[in-house]
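Asks: First the structure, then my questions, so here it is.
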Amino acid sequence: MSTLNDIKYYASQSKITTALVVINILCFFAFRLLDSRGFSPLNENRFLIDWGADIAELTFSGQYWRMFTNLFMHVSFTHLAMNMLALWSTGPILEKRIPAMAFLGIYLFSGLVGSLSSDIATINHNVISCGASGAILGIITALLAYCLVFKTNIQEMPVKAMLVSLVLTAGLGLLPSIDNMAHIGGACAGFVLGGLISLCLKTFKYPSKLSWLIISLVFIVTALGIYAQYMRYALPSGYYVYY
């Protein structure tokens with residue numbers, strides 16, 4: 001009973017993190033209940049593509065939404081479980097320190113940059129990419145940036161939670177078929193945006209509004225850059241799965 005109460009308490013204190021975890025879990029099972037190909041290794045690639053996985057050639061041909069939808073897709077239950085445990089370990093710690101929408105902005109922007117980094121690295125290689133690890137690493141590095149901006153003592157830093165999340169996400173980069181470019185891109189994006197938002201919180205009287213302005217400008221500039229740089233790519237004929 002105490003464990004259930006603990007979960008309820010953390011969920012009530014970390015609404016955005018909880019919502020992201022629930023959405024990811026629902027998407028994993030809903031997609032497979034609606035489309036039986038999700039349970040078939042022979043049809044897995046087409047299943048992932050049809051439901052929104054990221055593949056550079058399709059994304060840069062105009063299907064830019066794939067850079068976001070792939071964040072809510074996972075190849076296996078193990079893939080899902082490890083990412084959600086990593087998010088649950090670190091997300092609530094950062095969420096209670098910054099505005100909720102700023103937290104969500106960091107998550108989505110880190111995921112976007114992670115997807116973009118993966119696409120640039122794998123274009124013309126027929127690689128399918130999906131998973132929330134780039135976004136989660138962005139949350140971890142944003143928390144690190146927050147601690148640096150506010151000069152948090154090492155004893156006060158959530159070292160254990162950050163290490164757990166790093167092992168579950170970045171640590172898996174040592175394995176084959178792991179999308180390390182998404183990890184690197186997401187981590188860098190989270191650190192930069194998290195640092196900017198932390199500086200706003202520390203410096204300005206109304207930091208929430210300025211945080212929104214920074215997030216909006218960063219999203220707009222990134223979107224325009226993607227559109228200007230990549231226009232037409234042909235549908236690939238073969239695929240290799242990254243996650």
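Cβ coordinates come from backbone N, Cα and C, glycine included.
Pulled from TrEMBL, these are the listed features:
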- 16-34: transmembrane segment (TRANSMEM)
- 62-197: domain 'Peptidase S54 rhomboid' (DOMAIN)
- 67-88: transmembrane segment (TRANSMEM)
- 100-120: transmembrane segment (TRANSMEM)
- 126-149: transmembrane segment (TRANSMEM)
- 161-178: transmembrane segment (TRANSMEM)
- 184-201: transmembrane segment (TRANSMEM)
- 210-230: transmembrane segment (TRANSMEM)
Asks: Is it true that the transmembrane segment (67-88) and the transmembrane segment (184-201) have 3 or more CB pairs under 8 Å, sequence gap of 6 or more?
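Replies: Contact criterion not met.
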Asks: If I take every residue in the domain 'Peptidase S54 rhomboid' (62-197) and average their pLDDT values, what number comes out?
Replies: 85
Asks: Which residues of the same chain, at least 6 past either end of the transmembrane segment (126-149), have a Cβ under 8 Å from a Cβ in it?
Replies: 20, 24, 45, 48-49, 52-57, 70-75, 79, 83-84, 86-87, 90-91, 93-94, 97-98, 103, 106-111, 113-115, 117-119, 157-158, 162, 165-166, 169-170, 172, 179, 182-183, 185-195, 197-199, 202, 236-243
Asks: How many of the residues that make up the domain 'Peptidase S54 rhomboid' (62-197) does DSSP mark as helix, as strand and as coil?
Replies: 99 helix, 3 strand, 34 coil
